[in-house]
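Peer 1: Sharing a structure below in C-alpha cells format, with a few things to ask.
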Amino acid sequence: MAAPRLPQLPPHDGPMLSVVDMHTGGEPLRIVLSGAPAPEGRTILEKRRWVRENADWLRKVLMFEPRGHRDMYGALLVPGDEEEANIGVLFMHNEGYSTMCGHAIVALGRFAVDYGLVNAAQGPETAVNIQCPCGLIRAYVSYTGGRSGSVRFRSVPAFAFATDVTVDVPGYGKVVVDIAYGGAFYAFVSAETFGLDVCSSRTRDLVDVSAAVTESVKAQVKLNHPDSDDLAFLYGTILTDGKDSYSEEPTANICIFAESQVDRSPTGSGVTARIALQYHKGLIQLEQIRTFKSGATGSLFTGKAVKETLCGNFKAVVVEVSGQAYYTGASSFVIENKDSLKDGFLLK
C-alpha cells in the first residue's frame, strides 16, 4: 500500500500563512511561522504599534472565523531589542494586542526549544528569554530524554495598583474591586458578589458580569504604569472564588478579557497579578506555592511570589508561574482574493 500523500492545496491566488497550534490548559495559541510582514520599529512596543496600525489584517485573518473563532489567541514572533532575548513576541486576540500572556509564554517556551530558537536544549531545564511588550520574561523548559515538557516562568514586576475600589456597574450597583498588574492590568472581584460560581455558573452569565465590570472600571478608574503609557490599560476582569488566603487547596478563577474573550486556562498573567495582590494584602508569603484552577476547564497553574522589588513607586514582587502546554497541529492558511469573507468575521 502506498504511503498516504499529504494534503495539497490547488493553485490559488493571495498569500499563504503557516502556523503551529498549541494549547495551555485549554487556551489556544496560534504561532505564526511564515507569511506575516516584518514589523517595523526599534523597540518591541514600537513593533506592536506598527502591526496594530499597518498589518491588523493578519490578526483578523488568523483569529477570526472562518480560520479561527472569537476566543482564539495568537503569537507573532519578532526580533527582541534586548540583548538577552532569544525571541520577541507580539500577542494578538479578538480585540487587538496584549502586553503579556502567561499561557502563551508556557507554550512558546516549549516551541522555542523544539524549533531550535535557543542554543542546544539540555536537561533538566533549558532557559528561554522571551521579550514581551511588558518586558523580558525568563522561562525555564523541562527537558528529558529529548522531549520538552512543563514550563515555569518569572514575571516582570507585578503589583497591586489599587484595592477596595468602588465602581458603579450598570445593572449591578456599586461593586468593590481590586486592580493589579501582572504584565497586564486586571480587575478582581469574587463571583459570589453577583450570586455566581466561577466553576458552575453559566459562562454567558460570567461573561456578562465581567464585561460590565471591565467597562465600568475603564470609565471610572485611570490607570498608569511607571514604564510606559502603552501598558496602562485594563485588559479584563477576573472573577474569583474569593479564596485569597493561603491554602494548599486550589483556588479557582475565570478571566474574561479583550472583547468578552473567555480564557480556558487559569490565566498566567492573571495568576501573576493575583499573587501580587495576595502578597500586598499579607495573605501569602514569599515562596508559598498556590494552585490556581480554571473555572472554565479545571486546568491548573501554580504560582508563587519569589522576591520583592519595585516598579516605579509601587512595591512589587516577581512571580513564578508554572504550567504545561501541548501541540495540537500545524496548518497552512490561504487568502483567496475573490473570497468575500477572506478578511474574517466574528459572530457575537
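Glycine is treated like the rest: Cβ placed from N, Cα and C.
For reference, Swiss-Prot lists these features for the protein:
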type: ACT_SITE; residues: Cys101; note: active site, proton acceptor
type: BINDING; residues: Gly102, His103, Asp263, Gly268, Ser269; note: substrate binding site
Peer 1: Between the Cα atoms of Asp263 (substrate binding site) and Cys101 (active site, proton acceptor), find the distance and write it as a whole number of Å.
Peer 2: 11
Peer 1: Let me spell it out: for each of the binding-site residues (Gly102, His103, Asp263, Ser269), count the other Cβ atoms within 10 Å of that residue's Cβ, using every protein chain shown. Which one has the most?
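Peer 2: Its Cβ has the most other Cβ atoms within 10 Å: Ser269.
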Peer 1: Could you round the CA separation between Cys101 (active site, proton acceptor) and Ser269 (substrate binding site) to a whole angstrom and send it over?
Peer 2: 6
Peer 1: Would you measure the largest Cα separation among Gly102, His103, Asp263, Gly268, Ser269 for the substrate site and round it to whole Å?
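Peer 2: Overall maximum Cα spacing for these binding residues reaches 11 Å.
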Peer 1: Residues with Cβ closer than 8 Å to the Cβ of Gly268 (substrate binding site), same chain and 6+ apart in sequence?
Peer 2: Thr24, Cys101, Gly102, His103, Ala104, Ile105, Val106, Phe153, Phe301, Val321, Gly323
Peer 1: Mind giving me a neighbour count for the residue listed as 'active site, proton acceptor'? Other Cβ atoms within 10 Å of its Cβ, every protein chain shown.
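Peer 2: Result for the residue listed as 'active site, proton acceptor': 34 neighbouring Cβ atoms inside 10 Å.
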Peer 1: Hey, for the substrate site built from Gly102, His103, Asp263, Gly268, Ser269, who else sits with CB inside 8 A of the CB center?
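Peer 2: Output for this site, in sequence order: Thr24, Glu27, Met100, Cys101, Ala104, Ile105, Val106, Cys255, Ser265, Pro266, Thr267, Gly270, Val271, Phe301, Val321.
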